[in-house]
Every structure is written in C-alpha cells, then in structure tokens.
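Now, the feature entries from Swiss-Prot:
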| type | residues | note |
| --- | --- | --- |
| BINDING | 67, 68, 89, 191 | substrate binding site |
| SITE | 32 | site 'Transition state stabilizer' |
| SITE | 251 | site 'Transition state stabilizer' |
C-alpha cells in the first residue's frame with residue numbers, strides 16, 4: 001500500500017500529464033529508436049510500454065528503428081569488417097543482404113513483438129512494403145576534396161515517401177514500426193540512415209514531434225555539457241569546430257530539416273533513461289536538446 005507522500009507524488013505526476021494528453025491528442029509523434037534503448041532488456045520494455053501508453057491516450061506514435069549494433073555483431077560473426085564514411089555505413093551487395101536480414105527480420109520483428117506483448121498492435125514494415133519509401137543512390141562529398149563524390153554502395157537517400165500506408169495504419173489503431181530500407185525505381189534496395197528516414201517521415205506526416213533517442217543526454221559541447229537548445233547558426237558553428245561529427249551529423253541534419261519543414265518540436269534525448277519518451281512527451285521536465293529552425 002502506498003504511503004501518503006508517495007501517493008501524492010504519483011497523483012501529481014498523473015495530473016501533470018493531463019494537459020499534454022489533451023494537447024497531443026490525435027497528433028503524430030515520430031520516434032527514432034536506437035542506441036542502448038534497443039539493447040538493454042529493461043530499457044526495451046520501458047520503451048515498448050511508453051509507446052503503447054502514448055497510443056492508448058490518443059496519440060499516433062510512429063517508430064523508425066536503427067540496428068547498427070546488431071548489424072555489426074553479425075558482420076563480425078561472418079568475418080566482415082564494417083566501414084563508415086561521415087556516419088554512413090559503406091554497403092556492398094553482401095552487406096546489404098545482411099542489413100535487410102537484420103533490420104527487416106530480426107530487429108523489426110523483435111520491436112513489434114515487444115509492443116504487442118505490452119498491449120499494443122504493432123505492424124512491422126520496411127520501405128518495400130507498399131513501396132512507400134522511394135530511394136536513390138547516395139553519393140557522399142569527399143571532405144578533403146569537395147569536388148569529388150564518393151560511392152558508398154547500396155546506401156540511399158530518400159526521393160519520396162508515400163504516407164498513405166502509415167496514415168491507414170494510424171487510423172486503424174495500429175503502431176507502425178519501420179526499418180529504414182528504401183527501394184529505387186529499378187527495384188534496387190537501399191540502406192538509409194534511420195535518422196534521415198525518421199526526419200523525412202515526420203515532415204511528410206505533418207508530425208507534432210520528432211524524437212531521436214541516443215546514447216548521450218542530448219547534444220554536448222566540447223566540455224561534455226548538455227546543450228538544451230540549438231539554432232541553425234549554432235549547429236553550423238559546432239560542425240565547423242568539430243564538436244559535431246560522425247554519427248551525430250546525420251542526426252542533427254535530419255532534426256534541423258524536420259524543424260525547418262514545420263515539425264513543431266524536434267528533440268534529441270537520452271535513450272538510456274528509463275521512460276525517457278514519457279518524460280519528454282507527458283511531463284514539464286523536457287529532457288535532451290531541442291532543435292529549432294530559427
């Protein structure tokens with residue numbers, strides 16, 4: 001039985017959530033799920049229950065997931081070394097087969113199962129399903145020689161997204177869980193950065209929020225201090241001085257593009273915190289870094 005103090009604290013937390021439930025009712029929230037939240041068993045359960053709760057109180061969560069650690073694990077088992085250029089995985093034909101198997105099979109199905117086990121109705125998808133993520137080959141600019149473009153294999157950029165399948169699932173009380181694999185006009189599949197897919201989906205769906213889960217408290221400065229808010233000018237400065245690099249680059253770029261396209265709030269938050277999703281959406285204590293377009 002709860003003592004009076006604990007009961008009052010729980011009641012206060014529930015009361016605090018009410019205005020946010022009203023505000024975000026029937027709104028779309030796109031969540032990029034990655035990092036430790038995908039590998040720690042307890043955090044996985046927390047994430048799944050958070051997503052189900054958001055759906056039950058009337059919001060439309062859409063989950064886009066990565067799977068880098070799982071891909072690396074299988075590549076290591078097969079004796080194949082992974083390589084990254086500017087945060088993008090170099091993807092030859094053999095690696096693409098592995099990416100599709102891990103993302104579209106193992107990881108996607110595990111997330112769907114977790115959400116369903118917690119009382120939700122999740123549906124797993126890749127961009128091949130309904131041909132809803134259209135892609136083309138991505139060439140990366142050589143930072144040492146900007147006039148040179150680097151071919152990194154079957155890595156794609158989004159050429160278009162058809163939102164009708166996601167909207168149909170939302171209207172049927174399903175929770176879409178999306179692996180970031182796109183399809184070219186010739187049927188070629190492409191590995192697309194999950195942050196990029198999440199950002200573009202948020203834009204196309206007219207999402208109220210885009211939330212990117214990471215393995216850090218948010219965006220940090222060179223001294224390790226959390227930056228609670230960032231503007232485009234501040235982001236440019238952080239890239240120029242090397243504070244932002246590697247895997248954080250596509251994350252920041254996608255967040256900024258989404259903010260500029262009209263997504264009302266874009267957050268990079270710490271996925272290592274229990275129920276980080278609920279803390280961000282349903283409490284006054286916003287966590288992480290807020291990206292704004294101005």
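Just so you know, the numbers here start at 1 and follow the chain as drawn.
Including glycine, each Cβ sits where the backbone N, Cα and C put it.
Features per Swiss-Prot, on structure.
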residue	record	Cβ within 10 Å
32	site 'Transition state stabilizer'	30
67	substrate binding site	24
68	substrate binding site	20
89	substrate binding site	22
191	substrate binding site	27
251	site 'Transition state stabilizer'	25
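Binding of substrate is attributed in the record to 67, 68, 89, 191, and the widest Cα separation among these residues amounts to 12 Å.
For the pair residue 191 (substrate binding site) and residue 251 (site 'Transition state stabilizer'), the C-alpha distance works out to 16 angstrom.
Note: the Cα of residue 89 (substrate binding site) and the Cα of residue 251 (site 'Transition state stabilizer') are spaced 14 Å from each other. Residue 32 (site 'Transition state stabilizer') falls within a strand when secondary structure is assigned with DSSP. Of the chain residues outside the substrate site list 67, 68, 89, 191, 66, 71, 91, 99, 102, 103, 180, 193, 194 have their Cβ within 8 Å of the site's Cβ mean position. Between the alpha carbons (Cα) of residue 251 (site 'Transition state stabilizer') and residue 32 (site 'Transition state stabilizer') lies a span of roughly 10 Å.
According to DSSP, residue 67 (substrate binding site) sits in a coil region rather than a helix or strand. You'll find the Cα of residue 68 (substrate binding site) roughly 13 Å from the Cα of residue 32 (site 'Transition state stabilizer').
Mapped onto three states, the DSSP output places residue 251 (site 'Transition state stabilizer') in helix. Comparing residue 32 (site 'Transition state stabilizer') with residue 67 (substrate binding site), their Cα atoms are 11 Å apart once rounded.
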